[in-house]
Amino acid sequence: KPQRLRRWRVWTSLLLVWITCATHTSMSALANQLRGLDQGGTAPGMRQPGEVRGTLTRAKRGWVWNQMFVLEEFSGPDPILVGRLHTDLDVGNKNLKYVLAGEGAGTIFAINERTGDIHAMKRLDREEKAEYTLTAQVINRDTNEPLEPPSEFIIKVQDINDNAPEFTNGPYHATVPEMSQVGTPVTKVTATDADDPVYGNSAKLVYSILEGQPYFSIDPNTAVIKIALQGMDREMREEYLVVIQAKDMGGHMGGLSGTTTVTITLTDVNDNPPKFSKSLYEFTIPEDLGIGQVGGKVKANDRDMGENAKSTYNVIGGDDKDVFEITTDSQTQEGILRLKKPLDFENKKSYTLRVEATNVNFDPQFSGSGPFKDTATVKVAVEDSDEPPVFTQPSYLVEVHENTGVNAVIEQVAAHDPDITGSLVRYFIDRHTDLERQFNINVDDGKITLAKPLDREMDMWHNITVTAMEVRNHSQISRAIVAIKVLDINDNAPEFAMEYETFLCENGKPGQVIQTVSAVDKDDPKNGHFFIYSLVPEMSNNPNFTIKDNKDNSINVLAKHDTFRRQKQEMYYLPIVVSDNGSPPMSSTNTLTIRVCGCSKEGIVQSCNVEAYVLPIGLSMGALIAILACIILLLVIVVLFVTLRRHKNEPLIIKDDEDVRENIIRYDDEGGGEEDTEAFDIATLQNPDGINGFLPRKDINPC
């Protein structure tokens, strides 16, 4: 049956080609004849008036053909006739010969040289080559001389429906949001057909769905796939496989077809609210749970995915809802219940909370589906724990005067066991905070006493840590800070702020300020310091110096005359009494040392030594000492250099030529005469100590 159908299509196409060719040929012949008449030519079988037969004149060409057609894929037993060439010269003249040249001439196409019939010798495929350009010419059979110029014509390969549509880009993958409206475009597919789109319906394609209904539809002409079913839910089914067919011949019977697959995935939208897995959660939390620690976890499930499944949790109600908070774990999407305030089993043993889970991202198009949130109840039971002692206050501030006596009680701390059973508490001082053991504490009642005297000027603050420990469970310990501030009393006398170095010029004027003196006091009175300066009573009428109060806790020391001379007295000592205004007042005597110096006219100190008067003018004692030191240093260097040079030139080993000693050795052996050179060694006789290679050194004294 397929072979019969194929042959039927081929013969039908051949019939159409022959009809077309006949029509084109008749019209072409008529057109050529009319064209020849209009141009003064000769139509086939006609002559001009007065024309002489046998005269060699150029005859007007009168080919009876137009473009030719041949059916592709024709595979009959004989070559297929494409068309016939004919010229006006062919009026029974047997010397004419038709010649064919060009594309496929002699291989694909052959011409009958006598009749001009053109045959296709091979099976043609329009998809490989759609047309051939050839050249026809009439020549003299005997001389091969052209009787007419060559003419070009075209043979077109007529298409038949021998190619099925193909989806070159398939298989396809597409996505579309879930819950999309009917008619929403999903994607577009494209098929191609190698047949001739101009001739017939061989390349006219129509698209249809073979699989994928009733969910999707396709436009038969544009091949756009669309949503065909309302309310497609990703949570019910996420992926669909759609089979698309493209059929040529306009979809009619006998057309060829090709198929492809389209995998369509529904993408998620936020169309589902969060939902707690249960309406009631119960947790048991120990009362000693730390602030910020996790007390429990809740989970609201969301059928959506990704960003659409994210939820946030909140405590929206309950008793003492400020005791807890709930946060969202971004990884697991769980609600984490954490403690915000300390728990106390003795005061409250349980809590009931109302928590809510709400979608982070909200899609307005699903607002009519209801609130995208859910609530659940959380019950928290507080479990009793063995708690450490609790101080009446977390820290203590104590003020103590520095003259407080040893063993005096300066403070009492208190702590108790908050548990129902209640345990006795013992108190201790953390000695790491009281390295000098300045304080003691009574282990039973928490009274802090002074172990050593205090001195505010040495240490104004003492910060110690007191621990309270349960007698029943020594691991239960609490700590409290006790800050002890030492209060000042007036127990330090004022004194000079520094060691003053005071100089007095010989040419100074009476009343000249030679020094400004200030004082310091280690004490710290509330109203600040106020110092009183005075000369000692026995020198209150000092003939040389006096003092003047500057009203700012400092004084100026002034010279009374201008007759100070170094030869007369080089130094003066001025005792000054400094008193404070404390209760009781404290005072001290400080001595100011004043040196008399020689000064320039501008009052610049030049020399303060008496010896300066005996030196040459312009040369001080210090300069002279420096010069002498340099001279001595140079002499020492010269002496060392000469000594080292002489010591270097003197050899350390005593050589034979320098040995002036004579060594007389008596022996009774008879020598061997002048020829006996081995009897003795003269070097040994000269230096008997050098027998073993030992040579004395001049720089070493013999023992």
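The backbone N, Cα and C atoms fix where each Cβ goes, and this holds for glycine too.
Curation does not apply to TrEMBL; its annotations are automatic.
The feature signal peptide is assigned by TrEMBL to 1-22.
Secondary structure of the domain 'Cadherin' (87-167) per DSSP (helix as H, G, I; strand as E, B; remaining residues coil): 0 helix, 35 strand, 46 coil. Annotation comment: TrEMBL describes 87-167 (among others) as domain 'Cadherin'.
DSSP labels the residues of the domain 'Cadherin' (168-276) in these numbers: 3 helix, 46 strand, 60 coil. Under the heading domain 'Cadherin', TrEMBL lists 168-276 (among others).
Here TrEMBL flags 277-391 (among others) as domain 'Cadherin'.
According to TrEMBL, the domain 'Cadherin' annotation covers 392-496 (among others). Sorting each residue of the domain 'Cadherin' (392-496) by its DSSP state yields 3 helix, 48 strand, 54 coil.
The domain 'Cadherin' annotation in TrEMBL covers 496-618 (among others).
As annotated by TrEMBL, transmembrane segment applies to 613-642.
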